[in-house]
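Per TrEMBL, these features apply:
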- B:114-492: domain 'Myotubularin phosphatase' (DOMAIN)
- B:Asn263, B:Ile264, B:Cys326, B:Ser327, B:Asp328, B:Gly329, B:Trp330, B:Asp331, B:Arg332: substrate binding site (BINDING)
- B:295-339: domain 'Tyrosine specific protein phosphatases' (DOMAIN)
- B:Cys326: active site, phosphocysteine intermediate (ACT_SITE)
- B:509-539: coiled coil (COILED)
- B:542-648: region 'Disordered' (REGION)
- B:554-584: compositional bias 'Polar residues' (COMPBIAS)
- B:629-641: compositional bias 'Basic and acidic residues' (COMPBIAS)
Amino acid sequence: MEFAELIKTPRVDNVVLHRPFYPAVEGTLCLTGHHLILSSRQDNTEELWLLHSNIDAIDKRFVGSLGTIIIKCKDFRIIQLDIPGMEECLNIASSIEALSTLDSITLMYPFFYRPMFEVIEDGWHSFLPEQEFELYSSATSEWRLSYVNKEFAVCPSYPPIVTVPRSIDDEALRKVATFRHGGRFPVLSYYHKKNGMVIMRSGQPLTGTNGRRCKEDEKLINATLRAGKRGYIIDTRSLNVAQQARAKGGGFEQEAHYPQWRRIHKSIERYHILQESLIKLVEACNDQTHNMDRWLSKLEASNWLTHIKEILTAACLAAQCIDREGASILIHGTEGTDSTLQVTSLAQIILEPRSRTIRGFEALIEREWLQAGHPFQQRCAQSAYCNTKQKWEAPVFLLFLDCVWQILRQFPCSFEFNENFLIMLFEHAYASQFGTFLGNNESERCKLKLQQKTMSLWSWVNQPGELSKFTNPLFEANNLVIWPSVAPQSLPLWEGIFLRWNRSSKYLDEAYEEMVNIIEYNKELQAKVNILRRQLAELETENGMQESP
Amino acid sequence: VDHYRVSPKKAALGTLYLTATHVIFVENSPDTRKETWILHSQISTIEKQATTATGCPLLIRCKNFQIIQLIIPQERDCHDVYISLIRLARPVKYEELYCFSFNPMLDKEEREQGWVLIDLSEEYKRMGLPNHHWQLSDVNRDYRVCDSYPTELYVPKSATAHIIVGSSKFRSRRRFPVLSYYYKDNHASICRSSQPLSGFSARCLEDEQMLQAIRKANPGSDFVYVVDTRPKLNAMANRAAGKGYENEDNYSNIKFQFIGIENIHVMRNSLQKMLEVCELKSPSMSDFLWGLENSGWLRHIKAIMDAGIFIAKAVSEEGASVLVHCSDGWDRTAQVCSVASLLLDPHYRTLKGFMVLIEKDWISFGHKFNHRYGNLDGDPKEISPVIDQFIECVWQLMEQFPCAFEFNERFLIHIQHHIYSCQFGNFLCNSQKERRELKIQERTYSLWAHLWKNRADYLNPLFRADHSQTQGTLHLPTAPCNFMYKFWSGMYNRFEKGMQPRQSVTDYLMAVKEETQQLEEELEALEERLEKIQKVQLNCTKVKSKQSEPSKHSGFSTSDNSIANTPQDYSGNMKSFPSRSPSQGDEDSALILTQDNLKSSDPDLSANSDQESGVEDLSCRSPSGGEHAPSEDSGKDRDSDEAVFLTA
């Protein structure tokens, strides 16, 4: 195996590990193809297993012959290894560097991971598009599944099966695809059962500077409107940016050609702006030296919460159009793979109770992120500590999770999952033993044969034992639309993610435990009382029967 | 009663009434007749704004952070209201205050019992006093030595009357060092005083002996910390006025320490700035964070906390006694002593203990409630949110130690409200002496009894007396964890319901716990009956009549459910539209006021306001599983929709 070549020193003794809020541990450091392992010899409990793919950056320092490697992880944790011996230290450092930046996806851990649990339900088949379609096909016949993209020929970033208006045939879809960025023709994202309104998403129309139009495109989206009704197009770029896009062949829907649609621009930032925001935020969280004013000014300067507010506002607007205005909407930005998905998925969290359940949320991620072609591989390649500036990294998915957390915080009883579920998804999007978040779209995942060669994250998560960790004890099904506040006062920093390694969570964990206990005890009593009631009722009827003759 | 047609900003048309104690706005809308009650004593500022086509706007800002805008059609009416309110909001005599007319329908005995609920002599006994190091001194009998101190004071046994009087002459306002808190475990104590009149070189033998006596009262340590809570520069400036701070060379075995908490003027301005941020119409995230930083508010909160942490550590870890002072020893000193006590002693983290703590460190030691909170018309420069800051410190601690406090956020908010409301006599005047002269206890009611009676509303469901967090000292990290201090929107934006989490974990858990208790009782009853039936095979058909139990039970579960089904109101949320609707806040004010009004003499009032109180809140949650938000809300939403599309 090639890994052996990369591992210059597989094992070093007397390494000291420093982690926040843990005492230093001395032990043996081992490098394997995918893990960095530190085990103390005294007992087996003090072990660190770190996926190489979780390593975002490393720093080396030397004091005499004692080397220190500081490992900065994609989950924002920072750990320090003191390694005796300059050569060992250098070897370890260069090995880690090589192993954490493998070029080939097929060398990644998910291709080697052998699960230690029995797969009850194969997560690769948990959320099939046909099943998802069935959920609303009973309510409407206006939509159909199309297999036009079966070979990924029409749109490389779309899944093989998409939902489109019934009245539009595959031929028309092919034509529309040529008019939309990346071939991403408008498809159904969400059907609001309450009033039949829909969210569609797509790439930008390729109008260019000379105002190209596409009759099929107009027909397609008009097909979703009820007679006499108007719809809204939410462009996730500012008008300015959208106008500039025309010079590069992109653009936006002209009023003249889409008279039944009203366009709203809601600017959401993308790419390096978001990445820089994350880098600044994490830097601010890690900086313990400054005073209160400096902390607040750094928090402000990171703009992270500004992005949160922007995204949530756009999602609320979309949900408002659907639920309050009774109008269908089409959402797109440029490619329709980032901010578009943030908005469509958050709008569903607001509108649809199912997406606030664990299964429903998994289905949402499957549908609106994985199938919809959010390029996870590109976006999550590096995290907050990367110093190599690459073009494609952006914490788009993390921002989405943060927004979900914000809504969860405002409606703590309306979600079946808890904060840990969101944190877990964040971790696995960046480094995982599972294949779920590998690749940039379905087409790539197919080529990699992920379903055959790797394990799905859902197979693991959906085991009862794991689920219990992610279940919100406060959950009570809430069938209402939930409208979050987007006022700055209502949007705090997500401490569970960003301060996770900078503060002890002992007291908060205890509080959570206490909460679970209170509810568990209540349920226990409830069960006991029910049993007794039944017994009593049985006895009573028995007595009654004895009495009646 | 004056009669005006008024429309606050969000569409609500109604009638404004001015009474001797309240501003009351009753909405015309026939189905709700929603009422907003504002106590005159809560009014902080009244601003007459430029007349517009619709009328003459009047902006009322309250001390409990409620903001109301009234638009009065007639300019002349508006002026009259303005003039009346200015007068009513600034009473000149104590007798004008609400507590002298407030009658919660309790008899004399109940009122008297209310006043003895919190008993400081009991509290000192609980601390383990008197003992062979500390004694109760009667030196301040009839307030002879210091008129802003209470009569009941604990001082070291070795401090003779001569030493005390001598020391008092060397301290601002004669506030000599006395005991605030005694830490039984290691005999260390927290003492408090005002600044010494040291000037550049003056010294006082008795004062030095006094500190010596404090040190001797703690055999476990050979020194005393003297903590001056002012910034060093301020303390030095005071020397020029013949005041100042202790010179380490003159006092044997003291360790002197400055902890820079800013003065009342800085704090007043800081709050002002922060409230301006809270008031911004639709602030961007940057506006908000920048404004928050610029106000310096959280920096001040942290400074107070840091001082409290320092003292708590000195006492519990080093076993050293601490003497705390600032200038007069009634603002920063009160803050710092009470924060330190709260960290050290779990008793102060209980409902009753917290009342005791405020009674002791604030009320009895002459925190100038009247001046600081402007109960009577006075010097605006004396006003400062000193106790507000302490209350916020407690909230910040509650956020970090969610299981450590017996009370919840609502308790803090209601205390803050009543510090300004003047509905109860507790916080009147500037000192015990003044309160006694006014015969407060005979003429008004005690807030503590009122809170205690309604304690079910104020309990923290996560609190358990045997939980590890409720034991001993609270340990905070020493690192400068700025990020631990957060903006308290539950206080400063509390009338903007839309900004608060829409489901309350506290209320939910309290409902669960209540249900649990019922279940426990039912379980017991069932077991008993089962046993009976099994023993004696009796005819049990009659028991059927006991159907009430299951139905009672389903009642609870719907109440749980209703908490989850919070009404939706999006209008307050999309900050791009005019969202800061004053009417949003009304519910809360009604909640607080009506609870009290229920006991007021006017039965009509209580009947009306009941619907408007928290009870009404629940009832609009109740359409369990209902599809639509209450009509009122959807109406608002339509407004905001329009606004969205306009801005779009």
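Using N, Cα and C of the backbone, Cβ positions are placed for all residues, glycine too.
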Counted with DSSP (H/G/I as helix, E/B as strand, rest coil), the domain 'Tyrosine specific protein phosphatases' (B:295-339) has 29 helix, 5 strand, 11 coil
Check: same-chain CB within 8 A of substrate site center, minus B:Asn263, B:Ile264, B:Cys326, B:Ser327, B:Asp328, B:Gly329, B:Trp330, B:Asp331, B:Arg332: B:Ser194, B:Thr229, B:Arg230, B:Thr333
Under a criterion of Cβ-Cβ distance under 8 Å and sequence separation of at least 6, what residues of the same chain contact B:Asn263 (substrate binding site)? B:Arg230, B:Asn234, B:Ser327, B:Arg332
Within its own chain, what residues at least 6 apart in sequence put their Cβ under 8 Å from the Cβ of B:Trp330 (substrate binding site), listed in sequence order? B:Ser148, B:Arg175, B:Ser194, B:Phe365, B:Gly366, B:His367, B:Lys368
For B:Cys326 (substrate binding site), what residues in its own chain, 6 or more apart in sequence, show a Cβ-Cβ distance under 8 Å? B:Ser194, B:Gln195, B:Asp228, B:Thr229, B:Arg230, B:Ile261, B:Arg332, B:Thr333
Cβ atoms near B:Arg332 (substrate binding site) (within 10 Å, other residues, all chains): 28
Among B:Asn263, B:Ile264, B:Cys326, B:Ser327, B:Asp328, B:Gly329, B:Trp330, B:Asp331, B:Arg332, recorded substrate binders, what is the largest CA to CA distance in Å? 12
